Each structure stands twice: as C-alpha cells, then as structure tokens.
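Features as listed in Swiss-Prot:
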BINDING   116  chlorophyll a ChlzD2 binding site
BINDING   128, 141  pheophytin a binding site
BINDING   196  chlorophyll a PD2 binding site
BINDING   213, 260  plastoquinone binding site
BINDING   213, 267  Fe cation binding site
TRANSMEM  39-59  transmembrane segment
TRANSMEM  123-139  transmembrane segment
TRANSMEM  151-164  transmembrane segment
TRANSMEM  206-226  transmembrane segment
TRANSMEM  277-293  transmembrane segment
C-alpha cells in the first residue's frame, strides 16, 4: 500500500504582494496605488507648503504665500524663473546644489508639484482601470478621465515646453490661473481658436446634457411609494425600472421633434461630448505651444487701419489683445525690463 501527500504549491513574494494589494479594504490600494498615493501625497503636500511659506519674489516679483499676506484666491506655487529654462530643477541639481531654501526661491516646488501631479493623475486613471477589471466592468471611467489628464499635461507641461521656459506655464493658484487665461488671450487670441470653441461647446454641452438628463429622470419617476418624497421609495434591490424611458421619449419628441430612444446611446453621448471637449481643447493648447495662429482676419485689420469709421468686434478684440500685451508684459515679465513708449501703446476708434 502506498500513500501520497499533495503539497500546496509554494507562493512567491509577488503572489503574496498581489493578494495584499488587492485585498478588500475601505480604501483600495492595488498596484496603481503604488503610483497614485505617494505622488498625490507629495503633489498636494508640495502645493500646501508652497502656498503657505514660499515667496514668488525671486521668480515673478510677487507675494504669493499666506505668510506674506496672500489669501486662498491669491496664493500660488509659482513657476520657476525664466532663466531656469526647462531644467527639471532637482533639489540636488546644479541650480540648487542641495540647498532647500534656494530651491524654493528658484521655483523648484512648481516643478515638483507639476511632475508628481501628472503622475498622480495617471495613477488615478490606472486605478480606475484596475478596479474596473476586478469588478468586471468596462473601463470607460478611465477612458473618460484621460480628458482631464490631457488638459493638465498640455497646459502645464507641453505648452511651456514649446515656449522658452517653465516660466510661461500657469502657476498653481486661483488668481494665477486667471492671469494665465488673460495671457493666452493677449498673446495667442485663444478665444477665437477653433479648438477652444470646440472645448467650450463640449464642456458646456456636457453640462447641458447632464442637466437635461437629470430633470428628465426626475420628471418621469414612477410613483411607487407612500413616503413624503420619491427618493425614499427607491430600493437598491428593485428589479423594475425607477423611471419611464417611454414617457421621457414622448416628452422630448414633442419638445424637439426628436429624442433618444436608446439608453445606451444616450449615455454614451453624455460621455462623448465633454470628453471630446477636453481632448480638442488640449489639441488647441499644443498648437499654442508651437505658436500656431488661428483665424487672423487680416483684411479686416487692414481696412480698420485705413478707415477710422470701420470697426468690427474682431478688430476691437485685436486692439484689446494689443493692450493686454503692452500693459501685461512689463508686469508679468519684470526680468525683461520692458519699456514701451507712449506712441506704441494701442489706440483704437473706441479707446
């Protein structure tokens, strides 16, 4: 008589780590968490440190921290000095040579926040891929999140890479972002760029679709309970629909003459519109990085220059852009020591 014993296969360290990372817990970690959590922690921590303590006097000639008297709307982690070019500004690099205070003064925190922030966003998208696979659903959440990632990377990384230095990227702050928007308008005529137009249409169109969808569902909820409001009548385990798609279709058919009759197509459209808006605006920013022009109506500018009585909204905007450049550049780029004589400052028919 012979007996045999089956030994359990030995599990390597990778399998043990894989099980631990994917364990069911309140906050899922996963393999993506190894990228997401450290980089997000460092990016947010760097931003809080910069807005609290670090001045922008040496890079922009500005006060930008709570310590100097700025508030939540005016504080920022400012871009590095123009002289730094596209240096990664590593703490141990030749610019700072391990001196933390000097590193902060040169704008090293901005490079730190931008780099770790980009990897944190990528980690968050990978997190959505990972959880989608584990739960057994399609990865459209992650695909949609590529929109914000495209905007962040194009605005904060690709645009300044196309310009002379990181200095021309947006600083991380509310008022600082507004300054960057004015800069894009004055130097690139951004609002007339077709990719900006598509971006606006996508974002506002997505908001409109979301509002229409929300009110339509609320309007067509089944009266299926005796409670004071319809929310309490909902049961997460109910098998039947909670609203009437047929009634919604009938309503919008009467309003517009057309309506969605397919829920899957409807929700894909709600996904597609805002994400395409983010993607197209990102493409436009890449164009600005290369200083590409869009919609220069030179014939109107020439006629306006020759005829004092001829002016269009376009020519008026061109004059406003000239004003932005002329009055903004000396303050925005103090290191250039710009001095514009009075006779070159823009004057239009209405200015």
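Every residue gets a Cβ built from N, Cα and C, even glycine.
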Which of 116, 196, 267 has the fewest nearby Cβ atoms, counting only those within 10 Å, among these binding-site residues? 267
Is it the case that the transmembrane segment (151-164) and the transmembrane segment (39-59) touch, counting contact as three or more CB pairs under 8 Å in which the residues of each pair are 6 or more positions apart? no
Under 8 Å Cβ-Cβ from residue 260 (plastoquinone binding site), six or more apart in the same chain: what's there? 249, 252, 266, 269
Using a 10 Å radius on the Cβ of residue 141 (pheophytin a binding site), the other Cβ atoms enclosed count 15
Same chain, |i - j| six or more, Cβ under 8 Å of residue 128 (pheophytin a binding site); the result in sequence order is 139, 141, 142, 145
Where the distance is taken from Cα to Cα, which of the binding-site residues 116, 196, 267 turns out closest to residue 213 (plastoquinone binding site)? 267
Note down the number of other Cβ atoms within 10 Å of the Cβ of residue 213 (plastoquinone binding site), including every protein chain shown. 16
Who are the chain neighbours of the transmembrane segment (123-139) in space, where the CB to CB distance is under 8 Å and they lie at least 6 residues beyond its ends? 22, 28, 30-33, 35-37, 39-40, 145-146, 149
Quick one: Cα separation, residue 196 (chlorophyll a PD2 binding site) versus residue 116 (chlorophyll a ChlzD2 binding site), in Å? 27
In whole Å, note down how far the CA of residue 267 (Fe cation binding site) lies from the CA of residue 116 (chlorophyll a ChlzD2 binding site). 33
Once the DSSP letters are reduced so that anything not helix or strand counts as coil, what is residue 267 (Fe cation binding site)? helix
State the three-class DSSP label for residue 260 (plastoquinone binding site), counting H, G and I as helix, E and B as strand, and everything else as coil. coil
